[in-house]
Amino acid sequence: MTQLEAARKGKITEEMAYVAEKEGVSPEFVREGVAAGRIVIPRNPNHKTLTDFKGIGEGLSVKVNANLGTSYDYVDVEEEVEKARVAIQYGADTVMDLSTGGDLKAIRKRILEVATVPLGTVPIYEAEFRAARRKNFFDMSADELFQVIEEHGKEGVDYITVHVGVTLKNLEVYRNSPRTTGIVSRGGGLMAAWMLHRGEENPLYARFDDLLDIARTYDMTLSLGDGLRPGSLADSTDRAQIAELLTIGELVERARRAGVQAMVEGPGHIPLNEVAANVQIQKKLTGHAPFYILGMLPVDTAAGFDHIAGAIGGALAGWWGADMLCYLTPAEHLGLPTPEHVKQGVIAFKIAAHAADVARGNKRALERNRRMSEARYRLDWEGQFALALFPEEARRLKEERGSKTKACSMCGPFCPMNLVEAVLKGKGRMELPVA
């Protein structure tokens with residue numbers, strides 16, 4: 001029985017109760033959200049190391065995903081395992097293995113071993129990889145793709161990205177809508193190239209019921225990928241993007257009827273003035289399915305610092321209702337990220353998600369910020385470290401340049417909170433040291 005099927009029968013599962021406790025909401029709130037398809041809990045029972053269940057969706061905190069995985073040029077399995085550990089250490093709520101080089105099955109197995117949070121994959125990468133190794137990737141058969149999906153389910157993958165909206169009809173819309181950067185989704189591009197070369201429909205769309213059968217068997221959440229997402233501001237919110245979203249909205253309903261959890265992936269390169277519209281359109285067209293976005297990236301020119309630019313767009317999108325942010329790293333658009341890049345990406349996007357939680361009125365986020373302000377006013381450093389999103393970094397910076405006073409070394413004896421409080425408490429004129 002899937003989480004969705006259990007919820008519809010009125011059952012509160014172990015995972016629902018856990019999510020409710022973590023989120024500070026009632027188990028019934030979570031159950032109702034899962035039953036309605038507004039919340040998903042990616043949870044494949046075959047993922048034995050998964051202990052930190054996550055709820056993604058409306059009424060819950062904004063989540064962050066961290067992508068990792070090998071590439072054609074760089075294959076270092078232990079580095080990818082280290083990336084997974086680093087991502088989880090700094091607060092990633094889920095991780096995705098996007099490996100395209102090396103022994104993909106062995107890499108996935110190693111990452112599953114250390115992933116205490118849900119793990120996602122993009123099965124078409126492996127299906128195309130096998131076909132390319134045999135002859136060329138156009139040689140991939142539909143059966144081969146579904147075989148890979150089944151294998152991922154058996155191994156314990158919790159959610160899979162499937163580019164079901166890249167259909168022949170939507171590719172016609174794309175071809176008649178000139179773009180600056182074309183198709184930038186790797187999985188979507190692979191599927192589109194396969195379809196155009198062979199003149200065949202997307203098997204994930206044509207055989208969607210087969211996909212649902214596999215997903216239901218392993219309770220794999222479907223992350224309906226946006227293969228036609230914009231890859232530049234010039235292409236944002238265009239006809240191809242919206243045409244694909246309309247198709248995805250229809251498939252969300254079919255997944256729900258089949259008892260399969262589904263969330264929807266979104267852009268991408270979107271200017272700030274279009275962020276709200278993109279979130280609202282997605283929610284409207286998909287029956288408020290959880291929205292999992294890449295960024296959003298509000299500028300195309302932040303190469304080397306896309307994690308900062310993406311966090312800006314992600315915070316705004318989260319405020320408007322996006323439910324999970326896929327992080328960007330400093331290496332985005334430039335190369336395969338290192339563990340340090342992963343760390344910086346997770347940090348930036350956890351801050352963005354927290355900012356969105358505050359704006360959405362999340363009670364725990366608001367309370368944490370209130371307590372931090374009180375500790376800061378008291379110059380209670382241990383209290384501040386405990387409440388900081390990243391305590392170790394806060395402590396390191398405080399101790400790196402300490403002060404002779406109780407305050408920090410920026411203001412020292414001139415700390416305004418200290419000075420004014422002293423006067424208000426009747427301590428009178430304070431003697432300040434002369435530098």
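Positions of Cβ are set from backbone N, Cα and C atoms, glycine also.
The record from Swiss-Prot ties N67, M96, Y125, H163, S185, R186, G187, D226, G227, L228, R229, E265 to substrate, and of the options Y18, Y292, Y377 it ties Y292 to that site too.
Looking at G227 (substrate binding site) and H333 (Zn(2+) binding site), their Cα atoms lie 17 Å from each other. DSSP assigns C415 ([4Fe-4S] cluster binding site) to coil in the three-state reduction, placing it in neither a helix nor a strand. Secondary structure at Y125 (substrate binding site), as computed by DSSP, is helix. Between the listed binding-site residues, namely Y125, Y292, the fewest other CB atoms within 10 angstroms of a CB are found at Y125. Sequence-ordered, the extra residues of this chain that approach the [4Fe-4S] cluster site, with Cβ no more than 8 Å from the Cβ center of C408, C411, C415, are S403, T405, A407, S409, M410, G412, F414, P416, M417, N418. Put simply, N67 is the one of the binding-site residues N67, Y125, R229, Y292 whose Cα lies nearest to the Cα of C408 ([4Fe-4S] cluster binding site). R229 (substrate binding site) has H269 nearby among the binding-site residues H269, H333, C411, C415, counting only those with a Cα within 10 angstroms of its own Cα.
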